[in-house]
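Accompanying notes for the structure given below.
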Amino acid sequence: MKDILLGVNVDHIATLRQARGTSYPDPAHAASVAEHAGADGITIHLREDRRHIQDRDVYVMAKTIQTRMNLETAVTDEMINIALEVKPEYVCLVPEKREELTTEGGLDVAGNLEKITAATKTLSDAGIKVSLFIDADKAQLDAAKATGAPYVEIHTGAYADATTDEAISKELEHIRQGVKYAASIGLIVNAGHGLHYHNVKPIAAMEEIYELNIGHAIIARAAIDGLDKAVRDMKRLMLEARA
């Protein structure tokens, strides 16, 4: 069984910095530590409200990341233009609401097909690999395929939030079927949102998944154990699930 990759999201290093308006901690420094510990890529989300990652972070990390930058953005002219200037390896298009604590659901590709297809083409023409953050629904997966985006990131939030065994099993099966279908129509499948050290293995065990993007759990663990160990422990759990 092939290995699975880990993209470490360092947004919440920036959250800690912005809480006091200081110049530290620096997400670029955190990205370097995460890479040294085995991260296969670094994910950052430049939100329209700039609540954590700032424009400067994006430009600095575009020059300092040694693995791959995955830039999450809303489908807006401002964000697409920033992506075109920065030229990260990957752009993941995500839904965004200013009042949300974190991304609450998947992108409605089926309902915004023309707009998302246009953004995907613009980014792809610039040599950027495009991923769409969507729920594991067949209609959304078909729409994602129609945009020409080569990647999807399956939203695992409902699974992560489930509290009963029945609900967990139901959400896990929903994701499993979505992942298999996405792979069957030629999409490269990533996954993420709400994954942590106690729920990651069943997702990582799905052999069709190429990469998991995980942030909050790793940064939270880093506050206790240090970032190097937090990344290594997550990567170990993921690889154990593939053994």
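Positions of Cβ are set from backbone N, Cα and C atoms, glycine also.
Taken straight from Swiss-Prot:
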ACT_SITE  His45  active site, proton acceptor
ACT_SITE  Glu72  active site, proton acceptor
ACT_SITE  His193  active site, proton donor
BINDING   Asn9, Arg20, Gly194, Gly215, His216  3-amino-2-oxopropyl phosphate binding site
BINDING   Asp11, His12, Arg47, His52, Thr102  1-deoxy-D-xylulose 5-phosphate binding site
SITE      Glu153  site 'Transition state stabilizer'
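Sequence-distant contacts of Arg47 (1-deoxy-D-xylulose 5-phosphate binding site), defined by Cβ-Cβ distance under 8 angstroms and a gap of at least six in the same chain, are Ile53, Ala74, Glu96.
With the fewest other C-beta atoms within 10 Å around its C-beta, Asp11 stands out among the recorded positions Asp11, Glu72, Glu153. Ranking the recorded positions Arg20, Glu72, Glu153, His193, Gly194 by Cα distance from Asp11 (1-deoxy-D-xylulose 5-phosphate binding site) puts Glu72 first.
Closest to the residue listed as 'active site, proton donor' in space, going by CA atoms and restricting to the recorded positions Asn9, Arg20, His45, Gly215, is Gly215. Checked against His216 (3-amino-2-oxopropyl phosphate binding site) by C-alpha proximity, the recorded positions His45, Glu72, Glu153 yield His45 as the nearest. The two recorded residues, Gly215 (3-amino-2-oxopropyl phosphate binding site) and His52 (1-deoxy-D-xylulose 5-phosphate binding site), have Cα atoms 13 Å apart. Comparing Cα positions, His12 (1-deoxy-D-xylulose 5-phosphate binding site) lies closest to His45 out of the recorded positions Arg20, His45, Glu153, Gly194. Among the recorded positions His12, His45, His52, His193, His216, the residue whose Cβ has the fewest other Cβ atoms within 10 Å is His216. Among the recorded positions listed here, namely His45, His52, Glu153, His52 has its C-alpha nearest to that of Arg20 (3-amino-2-oxopropyl phosphate binding site). Here is what falls inside 10 Å of the CA of Glu72 (active site, proton acceptor) among the recorded positions His45, His52, Gly194: His45. Around Asn9 (3-amino-2-oxopropyl phosphate binding site), the same-chain residues six or more apart in sequence whose CB sits under 8 Å from its CB are Ile42, Thr43, Ile44, His45, Gly192, Asn213, Ile214, Gly215, His216, Ile218, Ile219, listed in sequence order.
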